[in-house]
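Structure record follows, encoded as structure tokens.
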Amino acid sequence: MGFTQRILNIISILIIMESYLCQDESYSIIVNDDINTINKLPANLTLTVDDTRIEDTFNSNSSIQETIIENSSTLKTRKKYATDEEDYTSIESIIFSIRTNQQTSKAITVLIGFAYENISYAFHIENGKLNIIFSQGELSYVTLTTKNDTELITDGQWHQLNVERSNQKLTFTLDNIEQANVELPDGWLAKRNVFIGAELITVPDGNFSGNIGDISITNAGRSLNLRIEDNSDESLEESQATTTTTTTTTTTIASVVNQSESLRTLGFHPNDNNPIIVPSAIRAFFKNLSFSFRTYSNLSTIIQFDEISLNIDIDGYLALFIQDRQVQRIFSDQEGTPINDGKFYFVELQLNDQTLEAWIDKNKKISIELSSSFLFIEKFLFGLNNRFIGCIENVTYNNEILIFTGLSSNRQQCFSNNIIIKSIGDSHIDRIVSFRDNDRPLIVILDNPEEFHMFSLLFYTQEANSIIGSLADETYENFMILTVQNEYLYLTYYNKGEKIIEMTTNRSVNDKNEHKIVIKLIHQNDLLFELDGNIIMENMTEMFYISTVYIGKLDSYIKEQFSNVDGAHFIGCIENVMLNKQSIVKLEHVNQLDRLINTCQITERKRTKAISYISPDISFSVRDPQDIIEIPILPNEEFYHCQISFRTPSYNGIIASIYSNVDHRVLILFLRDGNFHLTYDSTDNKSSQLIFHDNETINDGQQHYILISHQISTKNLSIQIDNRSIIISNLSSLSLFFDVITIGGSYRVMSINQFVGCFANITYNHRPLLLEDMVKSDRYDCIYEQDLICDRQMPCINIQPLQFCGQPDCSLVCMSSSLINADDNKGSLQYSAHIESGVYEQIHLMIFTISSNAVLFTSTNGTIQVSIIIQNYYPRLIIRNGGIIYTYDFPGRVRGDQWHVLQCQKTINTIDLTFDDETRHYTYFIEYFSLFGDKKIYLCGKNFIGYVQDIIFMADNHHENLIHNAIRNPKLIDYDYSVTWNNRADVPERKLY
């Protein structure tokens, strides 16, 4: 597919999504008025579609269910369905039925779906034919369609559609006849997650007339529950690199050149600043771009095109951002004055060969080298992320002025200074502050503690449980917490960590309406708690002084010190936060200006994903830039603890970095000449603050342990290296909210030296970090031994094996000797599994072997025996049923110098055998059997010499890891002396005869 066509398809999909987001809730209609009570519609129901009566007899397809959605292009029906999050499986499918006689040459969208890892798909009808298009990020589209032009589905009859994914193969079936199948290209399943059916939307753009029924999502043969969700207030999240996250409507307008003088302005007002997309009307390579602008905001994007953007950074400076390049500030004068002061500035960019130059008002130029001297711009995006407040005028591209058509009159005006959003640090905010998922709290640290007399605020929420905020004294001996618990508002006062008072008005507050809280001390020792005029009082034993106020989240120090005090962060809106009748929230306390609004718009808390982490004590290696791991962390949680252990021979290199996408600040842990350094940098203005550097070298290949903890109460930083520690003070000015942590280097900080070493025991704020798919499988089991880095890819040799090591990264080492079951040669190790047989079963093994003919795996149940063997270096699955033997070949050959992944997946009548990255599919007709037999599983059979790792068994939703289970309960395994356990072991060399 050509580049231009690809862009058009992407724009088409965006328009579909936009129409879905913007349609009013009242357009949605279903045959039954009460969605929550729908089970089945009467079988003899007559439905009316566009005033045409169609008798529904269901005789044409008995499998079609009786729950039908009626869709009319005039009614614009749209419904959203969601499934509970499911584990990855090798087989998924979506099945539904449609009936329509709609005749149009335009493309009709019947249904779109969204899955994880940026996967989406859409069912289109065009000229009566069905097309199914799958997309994922920047990867090439995958299209399924009917066999020929005569397979039309707009004949007024019911048709059943079925799309199934089996491993990397997609198959489309229409009315039980296969129409198309395609192998997914490399990269589509790089991360294993739900591929089909996380969210479904019927008739997203409202142009389908007909019926949709029998929507079914299956996962490993199991039908998933579909919930109908309210989509009236939802917004679509669209992730882009570094600076791009938008959740509101983007306006696309036309641009022409050299026409009316009155259409040269783009206005971005505080209550009307949606992004604007302007397709380029000039079909030529980029030469120059210039425009005038004025702004009152920081942390915003003025314009983005290709991988280039002009941003206003946290300090109010203009910054040029190019993907994979260092961010550079563009100064307006020699003093480096911020430009978010409401004055007009003229900025120009010019491309000379491969050098992009930029400057403001003919001041000093900055320059950045691009990867090419040719840059073709298809569209400009102004005001990304709804954070830009100001206006843009006289946009000139390649010496032609762009004229903007299709904008409202309000968006064509540059508003006056009398509605400027003040950016002065000591000005207090009287506007509503929104709190969405992962927004940072408002943290107010008073210059001088104030004696508590009165505290008040207004809030809106729909959450039944959350923490509104807290007030604490300097020592945290006294603090108050405001919470919503089971819909009711509570005030809890703690004295020296002990709960003294708990007060509630027994009134629900999660109704999205405005509620007013007042906490007041009267008569010196009576605490008054008021909610919307309802008052209760309690006696308070002593006075205290307020030093710190947290709004939207629990005080980090309280959370760290008192494990019994915690709760979910606040989602909703808050305004008029006042202490002793004085406003205390300033602009500097709000990290993103788009959170300042005039009308509260409450978002829903996102569903929590089921996440499986790697055990922190599992080791892994980093050898090159491709091994660097980048891990998202909670952006609204203040940093207070990070630990990491490593072994390295490197003199220089970045060990880890902790980065903020919002204010572009980063903590960098690195080695210089073998010494540990810690700095706090700003990537915007290239400033760097050295926090600590060690005088002892730690690049000796020994295990070293680093612990950095932020003492929130004192604002000090504690750094511990092995048994040595130091306290760094006077760090109260550092912002320690971060979004990303990188291990083994950084994609955001330039370094010419690659760190090489072994990592383990990595935690952030006392939680594990690494998800199971983040580390390359061949980088596990890292050991630094005899000046070598060893891992699964390059195992250490000539190292004596140890006894059972009792660690999650143990390897099973088979040395083929006398057997526990020598009479039948099943295997030297016997494992008693707890797993039950299932519809979907899987065996996963990673092996390193020099054996040419050997038995690896065996299970037995009565007369049926299942084995995985190696025959002339080729692995095979053998199923023996009495005297009958069935043989299924894995698609590959083992080598004596590398690791291999073997995977066997079984359903009711199919077997998929995977060898490394290739899969072979079989259909079998044997009577029912289980891969796990009688749950006595044998490994290290006759003549097998080598490693076995990642021994994982699955049956439906049950999952067992042999080594992990054996660590917890060693009685599950029985093995003879020829079996050893280690994460590094001597594999004998192949003998030559």
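For all residues, glycine too, the Cβ spot is worked out from N, Cα and C.
Over all protein chains present, the Cβ of CYS573 (disulfide bond) has 22 other Cβ atoms lying within 10 Å. Positions annotated as disulfide bond by TrEMBL: CYS573-CYS600.
The domain 'Laminin G' annotation in TrEMBL covers 68-241 (among others).
As annotated by TrEMBL, domain 'Laminin G' applies to 265-414 (among others).
Taken from TrEMBL, the feature domain 'Laminin G' covers 432-600 (among others).
Residues or ranges marked as domain 'Laminin G' by TrEMBL: 610-790 (among others). Confidence in the domain 'Laminin G' (610-790), given as mean pLDDT, stands at 83.
Annotated signal peptide per TrEMBL: 1-22, in sequence order.
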Residues near CYS600 (disulfide bond) in space but at least six apart in sequence (CB under 8 A): ILE432, SER434, TYR460, LYS512, GLU514, GLY572, CYS573
DSSP helix/strand/coil residue counts for the domain 'Laminin G' (265-414): 7 helix, 75 strand, 68 coil
